[in-house]
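Colleague: The feature signal peptide is assigned by Swiss-Prot to 1-38. For 55-145, the entry in Swiss-Prot reads domain 'UPAR/Ly6'. The feature disulfide bond is assigned by Swiss-Prot to C57-C84, C60-C69, C76-C102, C111-C128, C129-C134. Among the features that Swiss-Prot reports, N-linked glycosylation site is placed at N91, with the record citing sequence analysis.
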Amino acid sequence: MSGLAASWSLKPLGPHGVTQALCAVLLAVLVTMNVVLGDTLLDIPSQSPPLNQYLHCYRCLLETEELGCLLGSDTCLTPLGSTCVTLHIKNSSGFNVMVSDCRNKEQMVDCSYTRASPVFGFWIFYQCCFLDFCNNPKNRKNTMH
């Protein structure tokens, strides 16, 4: 064999050969990413967006007044002009489960809205507020109407 095919071999690589192979793979990945993604890699901002442009809300996927947050306690961010929301699912026997989250401007139609739930005997009541963490358990009674 002569030429390029003769230089390729299936024998085990030594430490130097492994390093060369890893460098070749890394170079191939970088070149492929540059070709596929173009300049988008350079467009990524080096800093996170300023947090003062967002409303910070309390998020809990399942909460009761007696036990607190049972599932998914977290914080969510939504652009200014949006709202924090707590959704109450209630019935006449005093059952009350809450879900807290962020709502964008398009979803604010639900604010201060009560409707029957798909389950007979229960209703859903939305409460919205517009200050940082206004829907967390400590602030909810003072800031949500």
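Cβ atoms here come from the backbone N, Cα and C positions, even for glycine.
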Colleague: Based on Cα coordinates, which of the following disulfide-bonded residues are within 10 Å of C84 (disulfide bond): C69, C76, C102, C129, C134?
Modeller: C76, C102, C129, C134
Colleague: Taking DSSP as the reference, which of helix, strand or coil describes C134 (disulfide bond)?
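Modeller: Assignment for C134 (disulfide bond) reads coil.
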Colleague: Spatial neighbours of C111 (disulfide bond) among the recorded positions C57, C69, C76, N91, C129, C134, defined as Cα within 10 A: which are they?
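Modeller: Close recorded positions: C129.
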Colleague: Checking the contact step here: among the recorded positions N91, C102, C134, which have a Cα within 10 Å of the Cα of C128 (disulfide bond)?
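Modeller: If one measures from the Cα of C128 (disulfide bond), the recorded positions that come within 10 Å are C102, C134.
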Colleague: So what sits near C60 (disulfide bond) in its own chain, CB-to-CB under 8 Å and at least six residues off in sequence?
Modeller: C69, L70, L71, G72, S73, D74, M98, V99, S100
Colleague: How big is the gap, in Å, between the Cα of C129 (disulfide bond) and that of C57 (disulfide bond), rounded to a whole number?
Modeller: 9
Colleague: Can you tell me how the residues of the domain 'UPAR/Ly6' (55-145) break down into helix, strand and coil by DSSP?
Modeller: 13 helix, 48 strand, 30 coil
Colleague: Between the Cα atoms of C102 (disulfide bond) and the residue listed as 'N-linked glycosylation site', find the distance and write it as a whole number of Å.
Modeller: 24
Colleague: What subset of the recorded positions C57, N91, C134 lies within 10 angstroms of C76 (disulfide bond), using C-alpha positions?
Modeller: C57
Colleague: Just counting, how many other CB atoms are there within 10 A of the CB of C128 (disulfide bond)?
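Modeller: That number is 21.
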Colleague: Output, ordered by sequence, the same-chain residues six or more apart from C57 (disulfide bond) with a CB under 8 Å from its CB, or 'none'.
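Modeller: Non-local contacts for C57 (disulfide bond): T75, C76, L77, T78, C84, V85, S100, D101, C102, D132, F133, C134, N135.
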Colleague: Would you mind ranking the disulfide-bonded residues C84, C102, C111, C129 by how many other Cβ atoms sit within 10 Å of each Cβ and giving me the lowest?
Modeller: C111
